[in-house]
Structures are given as C-alpha cells and as structure tokens.
Amino acid sequence: MEVNPPKQEHLLALKVMRLTKPTLFTNIPVTCEEKDLPGDLFNQLMRDDPSTVNGAEILMLGEMLTLPQNFGNIFLGETFSSYISVHNDSNQVVKDILVKADLQTSSQRLNLSASNAAVAELKPDCCIDDVIHHEVKEIGTHILVCAVSYTTQGGEKMYFRKFFKFQVLKPLDVKTKFYNAESDLNSVTDEVFLEAQIQNITTSPMFMEKVSLEPSIMYNVAELNSVNQAGECVTTFGSRAYLQPMDTRQYLYCLKPKKEFAEKAGIIKGVTVIGKLDIVWKTNLGERGRLQTSQLQRMAPGYGDVRLSLEAIPDTVNLEEPFHITCKITNCSSERTMDLVLEMCNTNSIHWCGISGRQLGKLHPSSSLCLALTLLSSVQGLQSVSGLRLTDTFLKRTYEYDDIAQVCVVSSAIKVES
C-alpha cells in the first residue's frame, strides 16, 4: 500500500492588503420626544458619544475616520494599490526569495512587481514588503496573482501562490449627441455641436475636476460650459462642481473645422472622427479617477454634388412686400465642372420674383457663387422658403431645395424693424 508523505508546511507567510483611504464614521441616531418614557436619555447618550459632532448629534456623519472593513469597490479609471508582505515565520534563514505579483484581466496579464530580482536571504522574523499600483483600464473580473518562491537551508526549492479576485465597476455613464449648424457662412463645412451627458452611477458623490474634449486633427474646439460675469469666467455648474449619485450633467462643445479643411468643399464627409472626452474626478477623500473615451465619430451631413446655403435672410418681412435673400451655391465635386440652370417654383405662400430657368453658367469643382434672389409671401405667420431647383445640364440631373429657411410674415400695418 502506497502512503503519500505529509505535506510540508511553508516557512514563509504571504499577506496582501488593499490600500485605500479611510472613510468618515457614520452612526445611527436614536431620538425620542421629551414626553416619552426615556425622556432626554437618548439625546444625552448621543451628546456623550465621541463619534458624533458637537451640536449636530442627530446627523449620521461623524468626525472620526474608520479603516476599511472590506475590499470595497474599485471603479474603472481609479488606481488600484496593494501592500504585499512576505514574512519569515520559521527559525531558519531562507534564501533566494522571489516575490512576483501579476494582475490577470479578461484580455491580458500584467506584471506589477517593482523588481523581478530575488532577495539573497531572509532571516527569521524579517519580512519583504512591496507596494504595487495599477490604473484600472478594464471592466470586469480581475485576479491578483501573488507567487512566492524560495530555497530552504537544506537546498529544497519551494513555491506557492495565492489568488485575490475583485470586480472593477463602471463609474460613469457617458452619452453623446451631435448637432450640425451653419454658423460659419464663409465656409462650406458646418460647425458641429457636441453634447456630452455624464451620469454618476456610483453610490457616492463625485467632484468633477475636469471634463474636456480633445479634438481630432481636423477641428478646433470651444467649450461652452462657462459664462462671463463681471469680467470673470464662471462655470455654468456653480462653484461646487459636485455630481451626486445617479445625477446627470450636460457638457457642450463647439467644434469648428480648421481653415485648411474648411476651404475644400466636401473634404469632411461621411464618417469623421471628432475627438475624445477626457474626464477627471475625485471621490470622498480625494481619491482620483480618470477616464478617456474612445474616439467619438459622427456622420457628416451629406450635401450631394451641389450644396445650397443661405448667406443672408431677414427675420421678419411684411405681407405681400418683396424681400431679398442671398444664396450660396457650391460645387462639392472635386473633379467635375457643372453647368447649372436655376428654376424657381412658387408655393401656396411663397412667390418668387424674377426669371425662372435662367442660366447660372459653369461652376468649377470646389468653387462657389453667390446669388441674390427676391420673393414675397402672401400668407402671414411663420413661412418656409421653398421651391428652388438646380439642374446640371451636363448630367441632366436636378437638385431640389425645400425648407431652406423660415421667415416671420407680418401685416404691412406693423412696422418691421431692420
């Protein structure tokens, strides 16, 4: 009968502790009315409790700090810190001690040890200490693998390891929306407004230290999250930029194409890269976290081969009185010359003044021409300017432009201010 030898006990002991900030001690206040049986007993006990705040005993938040009682939550973007200690519990000298700490994620294995060199010897009751840090960049299960190898006095090589599993949670929910605007009338590419909705999905408030947009090479960015008050730039979120649990805050940015890209018609089209958000926050006792989104993309508006934009139009006009608008026609093609004919089609409320079907001549690639047009409205109210048609005689292709803009039509008895 085969007998297995008894398992040899290790001479070294491994201890691993996560390093976190302490938290404020909280107590549960117990009070009652003075006419109740305990009288002032509960209130007096709270006043005598050293963990309560003098004069605010019924508040749950105290003045004392308490050490973490468990591993706690780790959120994406925060720094995971851990203390690793290997202690010689035996009465003999141990040689060639090698301590290795790896962090295993769902996609990779990272070496977090400060040094991969072995310690020559470790005397009894002595220890080897190490502190590791890692900025968490993945969500999900993480496993800290701590391995220890050493050699006994008898020359026997020993090895053991321990596993510590923890979850990395998502701290913020970020949603983005894009809006196109024709704010730059001298270029052929619209400005882009980005709205970033950031929600705190943790259980504690956050101090939003920085939320910025790093634009791509094609854009310049302007932040629209502050106002000028008495010559001083003040954030729109107030002096205390705290984000409570489950609260959402909207940040707005304006991206304008750089000159070298804006001057070329149609160069920014299809799916374009806008940039990425950089978010920095702090939690209760100053723990810092940082997240960067992946590159944000948006579908640029498609104008086809010909783009028609408005350079000038009045806001308010008189009923049945002519008014003038200025249109800009751009050939968005980079290689084809167009021969354009303009047709003006009346609608129920908008009537065009002038000759329909007139020749505009040849329009070369990536070039533009401005056109002054006259029209009038026969109906009061907010009216939509529609009915322009451009035909390319080379390809026999017609481009229709409706709902170009809106004007407010008022009675001629009301004086329209210029």
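Our numbering is plain: 1 for the first residue shown, then up by one each step along the chain.
Here the Cβ of each residue, glycine as well, is placed from N, Cα and C on the backbone.
What TrEMBL says about this one:
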- 10-168: domain 'Trafficking protein particle complex subunit 13 N-terminal' (DOMAIN)
- 172-301: domain 'Trafficking protein particle complex subunit 13 middle' (DOMAIN)
- 314-409: domain 'Trafficking protein particle complex subunit 13 C-terminal' (DOMAIN)
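Mapped onto DSSP helix, strand and coil, the domain 'Trafficking protein particle complex subunit 13 C-terminal' (314-409) counts 0 helix, 59 strand, 37 coil. According to DSSP, the secondary structure content of the domain 'Trafficking protein particle complex subunit 13 middle' (172-301) in residues is 4 helix, 76 strand, 50 coil.
Mean model confidence of the domain 'Trafficking protein particle complex subunit 13 C-terminal' (314-409) amounts to 88 (pLDDT, 0 to 100 scale).
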